[in-house]
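Visitor: My structure is below; once you've seen it, I'll send some questions.
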Amino acid sequence: MRPNRFSLRRSPTAVAAVALAAVLAAGAPAAQAAGAAAPTAAAAAAPDIPLANVKAHLTQLSTIAANNGGNRAHGRPGYKASVDYVKAKLDAAGYTTTLQQFTSGGATGYNLIADWPGGDPNKVLMAGAHLDSVSSGAGINDNGSGSAAVLETALAVSRAGYQPDKHLRFAWWGAEELGLIGSKYYVNNLPSADRSKLAGYLNFDMIGSPNPGYFVYDDDPVIEKTFKDYFAGLNVPTEIETEGDGRSDHAPFKNVGVPVGGLFTGAGYTKSAAQAQKWGGTAGQAFDRCYHSSCDSLSNINDTALDRNSDAAAHAIWTLSSGTGEPPTGEGVFSNTTDVAIPDAGAAVTSSVAVTGRTGNAPAALQVGVDIKHTYRGDLVVDLLAPDGTAYRLKNSSSGDSADNVIATYTVNASSEVANGSWKLRVQDIARQDTGYIDSWKLTF
């Protein structure tokens, strides 16, 4: 997040260095009013975003900074190396990527734009984060955290073969720390007709603060509710974000009437006693004592906050893009949406899906989508049972995993199994005190 508005700012001279046609024609969105109606299409459940994957991206960004003068700031080699890393991941995942160049302070900057094929080009949902750091450090929380979460969510879209109703576009902004230069350049150079196609922009800036709060932007009621509902499902209270008002990359979008929202875990403001009581952490201490400092390193991340916010980002993107989650013609989805209660420390329960109309055996990459609501997911053992009773372990219990819910997609090599028949999801709670239920699950052939 850039410093507050009273800090010294340079006046940018943004100059295009690449043709904008590829960026502007890559499917910009149809503007909805800030109070747009909630999506009516049945949204597919978002997958769990693996914390280990997000942290692996942070490790790469840390290494890039270490190899390039200790930072990833605008105009420095570390920033371009960061862009190259993210772009390579997206290119390999099937995205159409575009580098948008601009000039600020006599140095070349870059925005990275990534479009996922498909979706309505007149309704574009964007999600983004600034990729640059300040010059004093690696910027792992500010804003490696947001950049890594958005990247891993984009990769999850690819892994799931997700087909949203809206067109999805992801962005990593340059020179945010100099005054939102990259995002302003993008918005200012987007024709009004293309701006009108933007259904919304989601911003993720500093989402792993070491003494975290859980703050939600209140700029658009639909987006705000989407995030609040997600955290309510985790029994995590939220507050409206005020510290970063106008200080991150959602501001240029908001200024031209695009619905915006986002998440934040706090920067230099001090955590109050009331906030420490509901969120944990240390009262009287900044949410991020290393904000804009050299100590904003890998050790400056709260894993729980990063994990929750990464999953919340995916949830919002899946929900607001209103996708059905159904695969291309020729594939098949078989699901069960009937709730099944899971007894506390009791016998295993099952939920059945009848697969019909298939020929031959199941695929070697059978996708098993699971949505289990539970207050301590480490208690759960989850198996897929083939029609002949063969069990495929999807998830083991883990006493140290205290997070809520199992929302994930697993891949099973079921090529030895006949496709048609009754498949079952089996779930057992092996420890006491926590409860839950199977919300829904599906097989994708």
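Along the chain as shown, the residues are counted starting at 1.
Quick reminder: no glycine exception, Cβ is built from N, Cα and C everywhere.
In case it helps, Swiss-Prot gives these features for our protein:
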type	residues	note
ACT_SITE	E176	active site, proton acceptor
BINDING	D48, I49, D307, D311	Ca(2+) binding site
BINDING	H130, D142, D205	Zn(2+) 1 binding site
DISULFID	C290-C295	disulfide bond
DOMAIN	325-445	domain 'P/Homo B'
SIGNAL	1-45	signal peptide
Visitor: List every residue in the same chain as C295 (disulfide bond), at least 6 positions away in sequence, whose Cβ is under 8 Å from its Cβ.
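Guide: Sequence-distant Cβ neighbours: G137, R289.
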Visitor: What whole-number Å value do you get for the CA-CA distance of D205 (Zn(2+) 1 binding site) and E176 (active site, proton acceptor)?
Guide: 10
Visitor: Determine which residues of the same chain, besides D48, I49, D307, D311, have their CB within 8 A of the center of the CB atoms at the recorded Ca(2+) site, and list them by sequence.
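Guide: Neighbours found: P50, L51, V54, R308, S310, A314.
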Visitor: If H, G and I count as helix, E and B as strand, and all else as coil, what does DSSP give for the residue listed as 'active site, proton acceptor'?
Guide: helix
Visitor: I'd like the number of other C-beta atoms within 10 A of the C-beta of D205 (Zn(2+) 1 binding site), please.
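Guide: 28, counting other Cβ atoms within 10 Å of D205 (Zn(2+) 1 binding site).
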Visitor: Which of D48, D307, D311 (the binding-site residues) has the most other Cβ atoms within 10 Å?
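Guide: Most Cβ neighbours within 10 Å: D311.
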Visitor: Between the Cα atoms of D142 (Zn(2+) 1 binding site) and D311 (Ca(2+) binding site), what distance do you get, rounded to the nearest Å?
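Guide: D142 (Zn(2+) 1 binding site) to D311 (Ca(2+) binding site), Cα-Cα distance: 18 Å.
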